[in-house]
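Chemist: So TrEMBL lists these for the protein:
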type	residues	note
DOMAIN	24-94	domain 'Sm'
DOMAIN	102-196	domain 'AD'
REGION	195-217	region 'Disordered'
COMPBIAS	198-217	compositional bias 'Polar residues'
Amino acid sequence: MTSRRRTRLRKARAPVSLAEKMAAPGPGEYFSVGSHVSCLTCLGQRLQGEVVAFDYPSKMLTLKCPSSSGKPNLSDVILVNLAYVSDVDVINDRTETPPPLASLNISKLANRARTEKEDKLSQAYAISAGVSVEGQQLFQTIHKTIKDCKWQEKNIIVMDDVVISPPYQVENCKGKEGSALSHIRKIVEKHFKDVESQKSMQRTQAQQTQKDSSLSS
C-alpha cells in the first residue's frame, strides 16, 4: 500500500540533553528502512531515494539513489544530515520488516583496504621524491592494468623487468627486449597521446569560450 506524507523539519536548535535524545521520536520524525522519500536540502537540492538507514538521535538519513553514472546496476549512497533539510516528502512508507542485511566479504574488504593504502603510500613516496606530475600520471596509468609496478627513487619499475626513467617517454623504457618491454612501450605511447589529445580538446574549448565571450560583449 502506498502512502504519502510530508514532514516539515524543525530548525536546528541548541544541543539537547541525553534524555531528550533518547526520547521516542514523535509523529513524522522517523523513517522506516525501505521507504522511498524525497527531501529538499538548504542548498535547494532535491534528493530522492530509498531509505537504507536512519539514526534518530543524530538525525542522519542514508538514501540509496539512482547512480549518477547512469549505470542501472549501480547506486549512489548519500548521507543526509536532516539538520540541513527543510522538509521530507515520504513517497512510499514501508511498514513491514525489512529484509536482513547482506553478509559482508571481510577478506575482500581487507584486501581492498590494503591495496588502497599501498596506492596512497606509493603516491606519497613519489611526491616526496620530487617525481614530476607527468611521471606520477604515467605511473597511475600503468598501475591500472599492471599491479606489479613500483617506484625506485624517480624510476618506475614494472614487473622487475622494465625501468622507465625521467622524463618517462617511450625511449626511456629500458629492459630485456621482448613482449613485456614492447607492451610497456605501447602503454607509455598511448598514455602521452591521450594526454596530448585531452590538452588539445581543452585548448579548443577555451578558445571557443573566449570567442563566445567576445561575441556576446
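Each Cβ is built from the backbone N, Cα and C atoms, and glycine gets one as well.
Tell me about the setting of these features in this model.
Modeler: Each residue of the region 'Disordered' (195-217) gets a DSSP state, and the totals for helix, strand and coil are 22 helix, 0 strand, 1 coil.
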Chemist: Which bits of the chain, at least 6 residues beyond where the region 'Disordered' (195-217) starts or stops, bring a Cβ under 8 A of a Cβ in it?
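Modeler: Non-local partners: 134, 137.
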